[in-house]
């Protein structure tokens with residue numbers, strides 16, 4: 001009696017949410033019976049179309065002689081059937097809960113970057129008196145922090161994409177702690193300006209690199225939720241910083257602010273050193289591969305249960321990105337000058353710069369008539385903005401993920417029906433930016449009302465409500481823009497994220513530097529009216545990349561491929577000419 005194996009393979013297209021644990025598939029066994037089987041999608045991977053797929057191979061072993069003789073003999077033996085499933089290695093070994101744990105760790109690291117600027121605002125008046133400087137001079141320390149907050153990530157992002165996320169984050173936090181100690185003990189105003197630059201250079205890259213980390217362990221259908229949450233939670237320091245700074249300054253003095261930053265960031269540094277894993281896919285794959293360099297290894301992976309959970313003894317080497325990373329410190333600039341990128345980011349950066357002015361206006365506007373609020377009460381007035389930012393980062397991520405799933409499903413259906421070419425790619429600019437437009441136009445109205453509320457001394461409720469809406473829109477804008485960049489450049493996600501960081505911080509620096517003169521010339525209400533008009537106009541520019549962005553990218557790719565082909569031909573021709581010359585010489 002002979003035995004035979006029957007093998008077939010199927011490719012399953014899936015669009016699961018985190019609570020869809022299985023899919024059911026039907027198949028026919030050798031005895032003719034139809035069976036159903038639940039398939040776990042832990043081994044799912046992203047296919048060339050950007051959708052989640054899983055390849056399952058079943059081997060059905062049975063007694064085929066018994067099956068063929070079943071019609072001629074009643075004394076037959078039931079076939080022994082064995083079903084095994086072989087799947088591709090999972091994209092990441094992190095569970096859904098562990099992904100949120102990573103978001104918490106990244107928020108803990110990057111929070112100190114956004115906190116470093118607003119926590120300093122309540123101390124400005126004390127610095128003026130202690131060091132005998134005027135308002136313009138004391139604002140220099142605010143401007144230089146914002147300036148290096150935009151410049152530093154464009155360099156550090158390239159380092160993180162080359163050498164790994166973990167060492168750059170840890171190095172930045174350590175520099176921040178050392179600079180904060182120096183600021184707490186600073187003897188002169190010149191030292192404060194210098195150390196504020198160092199402080200910003202150290203911690204600023206953590207925001208962009210955090211988005212790169214999230215891009216390492218998420219797929220497109222879930223990326224909006226996690227990137228949005230990380231980006232939004234990290235920047236909540238700008239909402240609550242003034243409240244914390246006001247309490248510390250009122251209870252002690254301005255030096256207490258920097259001791260607080262030293263202790264807080266130092267504690268987070270120790271936690272991150274112990275548990276933050278390396279996620280760069282060229283180094284760690286799906287987290288099952290042990291990094292070669294010691295600095296890329298988290299000590300927690302020395303524990304037996306953690307090693308077994310992340311398969312350190314049986315790594316999935318096929319998940320290792322074969323791309324050899326090359327250090328290119330100008331890569332952020334090369335991305336930023338692309339027309340579809342700058343047209344997508346500039347309106348959002350302008351909106352975010354207005355949010356920075358709004359936070360500054362609350363501090364300065366509520367401290368004078370007709371409000372004359374105490375420093376701590378002003379800090380409490382930042383709470384609605386903090387809550388709005390928290391809601392904006394959380395809900396927007398889920399909204400853009402839901403919209404992406406719906407659009408990719410329709411896209412695949414149209415492709416299957418022959419309505420679009422099989423090699424077509426979904427328009428990521430349109431899928432992401434269409435979610436950005438409503439909140440950007442809503443923000444124009446909110447900022448306009450906020451500016452005139454401060455200017456005319458309207459009831460405090462109007463200021464609190466509009467600051468809530470403005471913060472919601474600002475965090476929504478940040479989440480969507482960052483997600484778009486990670487989608488477009490998954491292998492350079494830290495560098496790409498730093499582009500928006502550069503745009504928003506550069507614009508914030510310019511407007512903060514000009515804000516005092518603009519208020520003197522146009523009043524607060526007039527200043528916000530002018531900026532709202534700019535945002536309203538530039539919002540329409542986003543329709544250009546929505547329509548032409550993918551075409552421009554495809555044209556550049558074809559041009560690069562053509563140039564590469566010509567270079568290859570030139571090299572071969574040169575070698576052939578040299579060979580002919582050698583033959584003639586011989």
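The backbone N, Cα and C atoms fix where each Cβ goes, glycine too.
Both residue 134 and residue 356 carry the same topological domain label in Swiss-Prot, so the record keeps them on one side of the membrane. According to Swiss-Prot, the feature transmembrane segment maps to residues 335-355, out of the candidate ranges 335-355, 398-418, 482-502. As annotated in Swiss-Prot, transmembrane segment covers the listed stretch 460-480 rather than the other ranges in 460-480, 565-585.
Look at the topological domain 'Extracellular' (396-433): DSSP puts its residues at 27 helix, 0 strand, 11 coil.
Long-range Cβ contacts of the transmembrane segment (140-160) within its own chain (Cβ-Cβ under 8 Å, at least 6 residues beyond either end) map to 113, 116-117, 120-121, 124, 127, 168-169, 172, 192-193, 196-197, 199-202, 204-205, 207-209, 212, 280, 327-333, 356, 492, 494-499, 501-506, 508-509, 512-513.
With a cut-off of 8 Å on Cβ pairs spaced 6 or more residues apart, the transmembrane segment (335-355) and the transmembrane segment (167-187) reach fewer than 3 such pairs and are scored as not touching. The helix, strand and coil residue counts that DSSP assigns across the topological domain 'Extracellular' (277-334) are 24 helix, 0 strand, 34 coil. Remote same-chain partners of the transmembrane segment (167-187), defined as residues 6 or more beyond its termini with a Cβ less than 8 Å from a stretch Cβ, comprise 109, 112-113, 116, 156, 159-160, 195-196, 198-199, 201-206, 209-210, 255, 258-259, 261-262, 265-266, 268-269, 272-273, 276, 293, 295-296.
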